[in-house]
Amino acid sequence: MRTRGLPRWLGGRARFGRGETPGPDADGSAEVAPSGENAGEAQRWLVAGLGNPGPKYAGNRHNIGFMVLDALAEQCGERWKRHKTNAQVAEARLEQRPVILAKPQSYMNLSGGPVAGLSRFYRVPLERIVVVHDELDVAYGALRLKRGGGGGGHNGLRSLTSSLGGPDYVRLRMGIGRPPGRTDVAAYVLSDFSTAERKELALTVERGTDAVRTVLAQGLEKAQHVYHTVS
C-alpha cells in the first residue's frame with residue numbers, strides 16, 4: 001500500500017504535494033471560484049465526505065467520511081475554505097485530475113443541499129460525484145464501492161439523492177459494522193470508535209483514500225475488483 005500523508009490527529013504528518021505552503025486555514029472566509037475550462041473543467045470530479053461539523057462529532061463513527069476527506073486534503077497539501085454553498089472545499093489534483101474535495105457543513109441529514117450546490121457551481125455531473133460515508137452493513141475495516149442504489153436507511157444518502165435528482169453517484173461505503181446487542185443505532189453511529197478500532201483507524205482511512213484514487217485513475221469497476229477482493 002502506498003504511504004501518504006494523514007491528518008495529524010490520525011497519527012500522520014503534513015505532506016505538501018506542490019512544494020509550497022498551504023493556503024488559508026479552514027476558518028478563513030475566502031470563497032473558492034471555479035477554475036474554468038482551461039483547468040480541465042470537462043474532467044473535474046467532486047468528492048464529498050459525509051459527517052457532522054464541529055469537534056463534538058469529529059471522532060464519531062458517523063464522521064468517517066469526513067476523516068477520509070481530511071486525509072485526502074492533507075495528502076494534497078490543501079487546506080479547507082468556506083464556500084457559499086455551506087460546505088468546506090479544497091481544490092486539488094488527484095491522479096492527474098482536477099477534483100473538488102468537499103465536507104458539507106449542514107449536518108448529516110441535510111448533506112444533499114451543499115453537495116448539489118457544489119455540483120451546480122463547479123458544473124460536475126452526477127456520474128463524476130463520489131460520496132464517502134459510513135456503512136453499518138459493512139464490517140469495520142472493510143469497504144465497498146457501488147454506483148446508485150437506495151439509501152439503506154442512511155439519512156445523508158437520502159438527502160443527497162433527493163437534492164441531486166437521482167441516485168447514480170458513486171458511493172464509497174466505509175464499514176463501521178452493526179452495534180453489539182441491543183445498542184441503539186443512533187447512539188452507536190454518534191459515538192467515537194472504540195479503543196481497539198482506533199488502533200486500525202489510520203490504516204482504514206488510508207485505504208479509503210486509496211480507493212478514491214483508484215476510482216479516479218482506473219474507474220469504478222477496477223476499484224471494485226481491487227477492494228472487494230481484499231476486504
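Cβ atoms are placed via backbone N, Cα and C, with glycine included.
Just so you know, TrEMBL annotations never went through curation; they're auto-generated.
Annotation comment: TrEMBL describes 1-38 as region 'Disordered'.
What TrEMBL lists as site 'Discriminates between blocked and unblocked aminoacyl-tRNA' is ASN52. Within 10 Å of the C-beta atom of ASN52 (site 'Discriminates between blocked and unblocked aminoacyl-tRNA') sit 21 other C-beta atoms, taking all shown protein chains into account.
DSSP assigns ASN109 (tRNA binding site) to a helix in the three-state reduction. Annotation comment: TrEMBL describes TYR57, TYR107, ASN109, ASN155 as tRNA binding site.
The active site, proton acceptor annotation in TrEMBL covers HIS62. All protein chains shown were included, and the count of other CB atoms within 10 Å of the CB of HIS62 (active site, proton acceptor) stands at 21.
What TrEMBL records for ASP134 is site 'Stabilizes the basic form of H active site to accept a proton'. In this structure, ASP134 (site 'Stabilizes the basic form of H active site to accept a proton') is part of a beta strand by DSSP. Cβ environment of ASP134 (site 'Stabilizes the basic form of H active site to accept a proton'): LEU50, ARG61, HIS62, ASN63, ILE64, GLY65, HIS154, MET174, ILE176, VAL189 lie under 8 Å away, each six or more residues apart in the same chain.
Cβ contacts within 10 Å of TYR107 (tRNA binding site), excluding its own Cβ and spanning all protein chains shown: 16.
When the Cα atoms are compared, ASN155 (tRNA binding site) and ASN52 (site 'Discriminates between blocked and unblocked aminoacyl-tRNA') turn out to be 12 Å apart.
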